[in-house]
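Here is what Swiss-Prot says about this protein:
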BINDING   ARG71, ASP75, HIS98  ubiquinone binding site
BINDING   HIS106, TRP170, HIS421, ARG481, ARG482  heme b binding site
BINDING   HIS284, HIS333, HIS334  Cu(2+) binding site
BINDING   TYR288, HIS411, HIS419  Fe(II)-heme o binding site
TOPO_DOM  1-14  topological domain 'Extracellular'
TOPO_DOM  36-58  topological domain 'Cytoplasmic'
TOPO_DOM  80-106  topological domain 'Extracellular'
TOPO_DOM  128-145  topological domain 'Cytoplasmic'
TOPO_DOM  167-189  topological domain 'Extracellular'
TOPO_DOM  211-232  topological domain 'Cytoplasmic'
TOPO_DOM  254-277  topological domain 'Extracellular'
TOPO_DOM  331-346  topological domain 'Extracellular'
TOPO_DOM  368-380  topological domain 'Cytoplasmic'
TOPO_DOM  478-493  topological domain 'Extracellular'
TOPO_DOM  515-586  topological domain 'Cytoplasmic'
TOPO_DOM  630-662  topological domain 'Cytoplasmic'
TRANSMEM  59-79  transmembrane segment
TRANSMEM  107-127  transmembrane segment
TRANSMEM  146-166  transmembrane segment
TRANSMEM  190-210  transmembrane segment
TRANSMEM  278-298  transmembrane segment
TRANSMEM  347-367  transmembrane segment
TRANSMEM  381-401  transmembrane segment
TRANSMEM  414-434  transmembrane segment
TRANSMEM  457-477  transmembrane segment
TRANSMEM  494-514  transmembrane segment
TRANSMEM  587-607  transmembrane segment
TRANSMEM  609-629  transmembrane segment
Amino acid sequence: MFGKLTFDAIPYHEPIIMITYIAIILIALCIASTITYYKKWKYLWYEWFTTVDHKKISIMYGILAFVMLFRGFVDAILMRTQQVVASAGFKGFLPPHHYDQIFTAHGVIMIFFVAMPLVIGLMNLVIPLQIGARDVAFPFLNNLSFWLNVSSAVLLTLSLGIGEFAQTGWLAYPPLSGIKYSSGVGVDYWIWSLQISGVGTTLTGINFLVTILKMRAPGMSFFKMPVFTWTSLCTNILIVISFPVLTVTLVLLTLDRYFNFHFFTNDLGGNAMMYVNLIWIWGHPEVYILVLPVFGVFSEVVATFSKKRLFGYVSLVWATLSITILSFIVWLHHFFTMGAGADVNTFFGITTMIIAIPTGVKIFNWLFTIYQGRVHMHSSILWTLGFLVTFSIGGMTGVLLSVPPADFVLHNSLFLVAHFHNVIIGGVVFGCFAGINYWFPKLFGFVLNEIWGKRAFWFWIIGFFLAFIPLYFLGLMGMTRRLSQNIDSEFHMLLCIAAIGACFIGIGIICQVIQFFISIKERRHNLDLTGDPWDGRTLEWSTSSPAPLYNFAIIPKVEDRDDFWRNKEGQHYNKLINSINYHDIHMPKNTGLGFMISIFSLFFGFSAVWHITWLCILSFLAIIISLFINSLNEDTEYTISAEEIKKIEHQYWKNIQKAGLK
């Protein structure tokens, strides 16, 4: 009845796993008890779980990212500590099979459940506001996409205490991920977590792509769009093209494991290297899916806090488009050692070097924007400056790895690990932190505490260099990835320095938690009354903070690239107050079907992992029926009256006048 699921699936003999899992259960029970005690379930259901408001969904993506960041960071600390202990001549506290699970989970969590939610959360908040829209094109899909990501994160977490996770590395290369060498459920957990999350991300890509193409404010041509919107457009083009490749690749691996097909086996016509090509055809665009939106963040931040128009806007746009195209023809640099031949390696090495050119163009544009600007050293600018240094180092080492002979020496070493952490942490994570500090008041109506924000930055940047620069040297010394036992003692000192760096990053995370708590506590002293705390340039700053449900009482008409900045000259606000005629606004209704479909998806994924056929069929049918019911629903909107809008907007204008703005 329960397929392969038995009580033996619970790892009673692993004290670290059991203690961790019990702690997770206790924390979940405490949260549920607190919500019950304060009678907040109804509030959460109607205001959050069922919401289709892009701003609230953005907040929920951020919560998911920070919860999973804690899990991923703990995994990183465990791995680094194990390596330090093992390099000192001891066995350590993590057996190889447990270390390999942590190693795999760390990569999956940080890419799919930290970086992606942070990036998608920022796009959710900013895109509709920047283009003058009231919401995204498909509000229900937005809700569904989020909850699919949550269900896949829960499925991954279940593997910690029920069964095991994959021991293959985060990309699960065959034949190791095949049924012959990984006969347990670990790879199946990996497959279905990524599959459900990937479907949600694909729906997000379609949603944002249509939103940008079809819902821009009147007059906002492509070359009047803010750079963040441009980078988001290119990102979602990449999502729509590349994520179906991941979906198909996972389907083929599933057929190999479940039905004894031979797509990626070493016999009967299979080809394991086809999998490696397919996974990286998705995997390298994924790097730019993560990094392009934060390029947009930095573009907005440097222009705002330098009090200047962005230098080289057109070149930035073309550089973004160039990266979008080139990102599909560089994937083979991840496996020069495969043996494709000198000509193939040379081609992909050259394309990899070429893609560094538009990235370099962007960096110079940001530097020239800052040059001779009246720079306000806000924490967002600090994260940007930190990015410029760390990402440049990561980019240079990436160009070095694009040379096939050098890659043959450095492939699979810690040099490579240092490189991609330079890019992902120094680029994506720093960029998301800059964006959070920058756009936070637009969500919550008050600014974040700058003192603790800057402390967090300095601990992060110092910890980052201590944690990852030693890895370059370890890679050059010959230390490979995935080592957990019998590590050469000559690596011990540098591993200790890297571990100290990880502790500094941990302190940085604690500073960020303190920053949020202090900001909430002192919010009455840091209110953003005008909706424009940074003297911004783009449309999101033309509405109140927090932005109202409808975003804009009147859809703006755009005449210039920095239209809001230009309009603020003279008597802009007074003109608006005297000229607005309000009308009823139709907004999308909340729906609980997205949440329900995610529950059914969780049951489907769990039953597929454990071969519980009846539950798998029932949950799949429930998903189809739920989607069918949603398609029949015609009562999808409600009306906000003109009187209510007028009341909200007049309060905003009073705040504007109190601030002395004209």
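Cβ atoms here come from the backbone N, Cα and C positions, even for glycine.
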10 Å Cα neighbourhood of HIS106 (heme b binding site): matching binding-site residues from ARG71, HIS98, HIS333, HIS334: ARG71
Three-state composition of the topological domain 'Extracellular' (331-346), taking helix and strand from DSSP: 13 helix, 0 strand, 3 coil
Entries of ARG71, HIS284, HIS334, ARG482 which, being binding-site residues, have CA atoms within 10 angstroms of HIS411 (Fe(II)-heme o binding site): HIS334
Neighbour tally for HIS98 (ubiquinone binding site), based on other Cβ positions within 10 Å of its Cβ: 20
Between HIS333 (Cu(2+) binding site) and ARG481 (heme b binding site), the C-alpha gap once rounded to whole angstrom: 18
Criterion met for the transmembrane segment (414-434) and the transmembrane segment (59-79) (at least three Cβ pairs under 8 Å): no
Leading contact stretch, 107-127, 347-367, 457-477, 494-514, 587-607 vs the transmembrane segment (278-298) - CB distance under 8 Å: 107-127
Alpha-carbon spacing, ARG481 (heme b binding site) to HIS419 (Fe(II)-heme o binding site), which is rounded to whole Å: 13
Among HIS284, HIS411, ARG482, the one of these binding-site residues whose Cβ has the fewest neighbouring Cβ atoms within 10 Å: ARG482
Fewest other Cβ within 10 angstroms of its own Cβ, chosen from the binding-site residues ARG71, HIS333, HIS419, ARG481: ARG481
Range from 59-79, 146-166, 347-367, 381-401, 457-477 with most C-beta pairs under 8 A to the transmembrane segment (190-210): 146-166
For HIS419 (Fe(II)-heme o binding site), the one of ASP75, TRP170, HIS284 that lies nearest, given that the binding-site residues are compared by Cα: HIS284
